[in-house]
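Listed features, source TrEMBL:
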DOMAIN    22-142  domain 'C2'
DOMAIN    181-305  domain 'C2'
DOMAIN    347-472  domain 'C2'
TRANSMEM  601-634  transmembrane segment
TRANSMEM  716-746  transmembrane segment
Amino acid sequence: MQRPPPEDFLLKETKPHLGGGKISGNKLTSTYDLVEQMQYLYVRVQKARDLPSKDVTGSCDPYVEVKLGNYKGTTRHFEKKTNPEWNQVFAFSKDRIQASVLEVTVKDKDLMKDDFIGRVLFDLNDIPKRVPPDSPLAPQWYRLEDRKGDKAKGELMLAVWMGTQADEAFPEAWHSDAATVSGADALSNIRSKVYLSPKLWYLRVNVIEAQDLQPTDKGRYPEVFVKAILGNQAMRTRISQSRSINPMWNEDLMFVAAEPFEEPLILSVEDRVAPNKEEVLGRCAIPLQLVDRRLDHKPVNTRWFNLEKHVIVMEGEKKKEIKFSSRIHMRVCLEGGYHVLDESTHYSSDLRPTAKQLWKSSIGVLELGILNAHGLMPMKTIDGRGTTDAYCVAKYGQKWVRTRTIIDSFTPRWNEQYTWEVFDPCTVITIGVFDNCHLHGDKAGGAKDSRIGKVRIRLSTLETDRVYTHSYPLLVLHPSGVKKMGEIHLAVRFTCSSLLNMMHMYSHPLLPKMHYIHPLTVSQLDSLRHQATQIVSMRLSRAEPPLRKEIVEYMLDVGSHMWSMRRSKANFFRIMGVLSGLIAVGKWFDQICNWKNPITTVLIHILFIILVIYPELILPTIFLYLFLIGVWYYRWRPRNPTHMDTRLSHADSAHPDELDEEFDTFPTTRPPDMVRMRYDRLRSIAGRIQTVVGDLATQGERLQSLLSWRDPRATALFVIFCLVAAIVLYVTPFQVVALLTGIYVLRHPRFRHKLPSVPLNFFRRLPARTDCML
């Protein structure tokens, strides 16, 4: 029996004050009902007019200073302008307000000392409240006053109100919490943002043949192959066996392409004239915008492409000599019927095909409230003290969200809410917590945001329309062992628009049908997934603010397929856990055979004789037994989402040497050279074995989850099926059922379908304990 993880590493159910106390009956009452309300004082500085000149030069360089107690925010300044427009918003957290008066001052920027122009004072008790969907508060003109309270020259247009984080002004506002951050780049790095993954396509290049090649050496048989390059991806065919100037290949090359298409597909036909020397016989460039898009398995038309000789540009000449050489016969298409895998298949958040025309309608909505974190560890040292600037990233489908960064806090409060459309319940949302390392003058840009931990939640394990509020431990594996970096407090709700459609999804194939009609090989999928993650991380790192490469790779589990002694042990014990039931049955049967308990043995003999005489009772009895077990286990069904399990992952018992091997680079840095070569080879082979063992464990755990109520819908479907099957089989003669089953199993291939059967689709959608693996 596996010992439970330490108490500190367990999931904790919480009861936060969601939606300001407005949530009732788990029903949606407002757009921010899954988070705790945070009160803010908002000040919108719109513009000013008729400002006086204070300088000796007679000009005015105005800016506005908004001050509340010890917190002070300033607008940008304008040079020589008496009617400036700022349109900037300032937000002051109500929890940190220690003053009763808001002071908005207009000043004239000067080299020595900024001149006072005028100010407007507000009593906090008189400030109105605004709650969306109320319309925004209209700014008003306020006459400036001097320090004595007398009227001064000039007017300032302002809007001041009390609101919450649901306010439209919240995302772009200057926050008093981030008063220590300066600079446009740093400020953009702390704001919340929504990103979209680029639309990814598989590009299939079917190289058929070439004609009329012109090798330099006419007296030898050419050894010709085709090299294809798309961005950073390069692939080549085998050397043609025809050994002539009209070679044939009929070979597929697969690439990953992302919209918008920025680079063409470049093909070159090359002749291997020596072991390490190739001669280019011709090349062509194909813009992807002109490539056909295929939605099903019907082949696209083939085309001949002209090949150009390598172009030589002479010094001082602008003219190019392009000589028509030969042509190549190919079938090139963008595959819209596949889903481009950029995540681990165990944690996929999207399973739809690339082509939007093939998408089914959504089955529901996933809502995530990122409330707060507590107990975070110091992630960096600034001015001799430890500090953490934490933010969260959540990824589901093509949509990534990034919360704002909470500056210098071990107990950050975000209280931000996001929604996603759900197209398949058997998907996983990933939430990661990171430390922002780009706020304190990282000029070289070499700093990387540190990982604090992540959480995975499988949607199929959630009951519909229920709000789950839990505090999840943030566990990270280090070379020194597993560490708890803190806890993150989340609220999750999965709302189903059509229960019938969602139940029907369990009979569909997990992936689009092209994956089964024209399946890709395991090595192809590994290579294409690597390319897809590289493209996604590169595109998101070019956004503003960037979602950096280390963040994307951690969220997508890049490198999780590498060899690890710890993971291999964990997968082995997962298999032993699955087989423990069969082993127990074998031991029990052995006890029956050995008459360890004579009464039980006699009862088994009687049951066996009854079943032999009435064989039609065997199947209905089994299904009825499974139905009763499922109903019995309903009382103990899991009520909480899954979370990382350190015991299951063997993270808390791993030897330091095993962890050193797991965190070792690939290829290894351990000397000497011979050890390195053997070590790498062993790890590569063992990585594949580890994957196979993990997949075997997954299948067994899915079998166990049939009656565990881990996925309530799947268990309900199976339990109902067992009841119906029991009733049907009770009234149907056993011989008829056996005959029909045998005919069906042995049916002619003409009556078989390439897609998986409904029971197999249902089984593949069942949850396993992969979600709990570190």
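Each residue, glycine too, has its Cβ placed from N, Cα and C.
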Exercise. Mind checking how the domain 'C2' (347-472) divides into helix, strand and coil residues in DSSP?
Worked result: 7 helix, 63 strand, 56 coil
Exercise. What are the DSSP helix/strand/coil residue counts across the domain 'C2' (181-305)?
Worked result: 8 helix, 64 strand, 53 coil
Exercise. To what whole number does the mean pLDDT across the domain 'C2' (181-305) round?
Worked result: 88
Problem set entry | For the domain 'C2' (22-142), residues assigned helix / strand / coil by DSSP | 6 helix, 53 strand, 62 coil
